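Undergrad: So that we are looking at the same thing, I have put the structure below in structure tokens.
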Amino acid sequence: MGRALVRALTEMDGVAVSAAIEREGSLDLGRDAGELAGVGPIGVRLTDDPLTAFAAAEGVLDFTAPRASLAFAELAAQARIVHVIGTTGWQDGDSAPLKAAARHARIVKSGNMSLGINLLAALVRKAATALDEDFDIEIVEMHHRHKVDAPSGTALLLGEAAAQGRWIPLAERSVRVRDGHTGPRHKGDIGFATLRGGSVVGDHTVILAGQGERIELTHRAEDRQIFARGAVKAALWARDKKPGLYSMADVLGLSD
Ligand SMILES: NC(=O)C1=CN([C@@H]2O[C@H](COP(=O)(O)OP(=O)(O)OC[C@H]3O[C@@H](n4cnc5c(N)ncnc54)[C@H](OP(=O)(O)O)[C@@H]3O)[C@@H](O)[C@H]2O)C=CC1
Ligand SMILES: O=C(O)C1=N[C@H](C(=O)O)C[C@H](O)C1
């Protein structure tokens, strides 16, 4: 995503790359971020010094790993800047430190930065409300072979939308793995299925399966630039907002 973000930042108006961060020891440190992203040199060399980078920036676009994003949120709070978090794979205990950082930083966090998925989430919420528990909800996702977390952040976002539509807590009703003699499906559960392989950018389908009929709502991401452009849009949106924890639905005007 780092390369996609640099490409988006060089293509879009009103933004510029002030720094690009890699981990200590990375072989790419010192290389030009634009050259790595395939857009030619932009005069910004990869650094492993986030403190200096954050101090000089108005916002940070962060697609890394939960531990790194938590550390970056603390730095964004100290620098009082915008922090856009696309990272997925969060654990239960991660939300408290993020909320603490959002007292000073303007944080936009979403498992998916695309317009299409956030619109799909709104449709799923509506469908889950309209169709009662006689319609079983299952969420299927497929991603490229390099993805390390499951279910995807997007699948969980869509599951949350379905749970909101049904007024149920997702954590208590989600079934994330099935194996062996599982017994019959429990009415009202929200199931997840994960596929991994090849170069798939990101496919998500929410199935509402009833007796004798089935609705399938699908989004297929074809290009990672949709996530990068969404992240830049989120940063520009958050620039004049108060400190807080926002979602991509807030950015796109899709929240209730
Ligand atoms: N919300 C959205 O719309 C989207 C979210 N994502 C999510 O973004 C994340 C990244 O995805 P992707 O780019 O494919 O993954 P990659 O593994 O290709 O990239 C993650 C990068 O973060 C770097 N990184 C990890 N920890 C640190 C650290 N402490 N300091 C500096 N750099 C660090 C990694 O370095 P190293 O290789 O050295 O570990 C790596 O270069 C995932 O969680 C993915 O699910 C992806 C696409 C869209
Ligand atoms: O790792 C990815 O590639 C993606 N991750 C996000 C997720 O976990 O949902 C968003 C997108 O689907 C691509």
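Placed from the backbone N, Cα and C atoms, the Cβ positions cover glycine too.
Unlike curated entries, TrEMBL annotations are predicted automatically.
Below, the features straight out of TrEMBL:
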DOMAIN    1-113  domain 'Dihydrodipicolinate reductase N-terminal'
BINDING   Gly86, Thr87, Thr88, Ser110, Gly111, Asn112, Met113  NAD(+) binding site
DOMAIN    116-252  domain 'Dihydrodipicolinate reductase C-terminal'
ACT_SITE  His143  active site, proton donor/acceptor
BINDING   His144, Gly153, Thr154  (S)-2,3,4,5-tetrahydrodipicolinate binding site
ACT_SITE  Lys147  active site, proton donor
Undergrad: Cβ within 8 angstroms of the Cβ centroid of Gly86, Thr87, Thr88, Ser110, Gly111, Asn112, Met113: which residues besides those meet this for the NAD(+) site?
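TA: Counting only non-site residues, the set is Phe63, Ile85, Lys109, Gly153, Thr154, Leu157, Phe227, Met248.
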Undergrad: Name the secondary structure element type, per DSSP in three states, that contains the residue listed as 'active site, proton donor/acceptor'.
TA: strand
Undergrad: Between the residue listed as 'active site, proton donor/acceptor' and Gly86 (NAD(+) binding site), what is the CA-CA distance rounded to a whole number of Å?
TA: 16
Undergrad: Within the set Gly86, Thr88, Met113, His143, His144, Thr154, which recorded positions show a CB-to-ligand 1 distance under 6 A?
TA: Gly86, Thr88, Met113
Undergrad: Which one is it: of the recorded positions His143, His144, Lys147, which Cβ has the fewest other Cβ atoms within 10 Å in this structure?
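TA: If we count Cβ atoms within 10 Å for the recorded positions His143, His144, Lys147, the smallest count is at His144.
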Undergrad: Hey, of His144, Lys147, Gly153, Thr154, which of those recorded positions are within 10 Å of Ser110 (NAD(+) binding site), Cα to Cα?
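TA: So far as Cα distances go, the recorded positions lying within 10 Å of Ser110 (NAD(+) binding site) are Gly153, Thr154.
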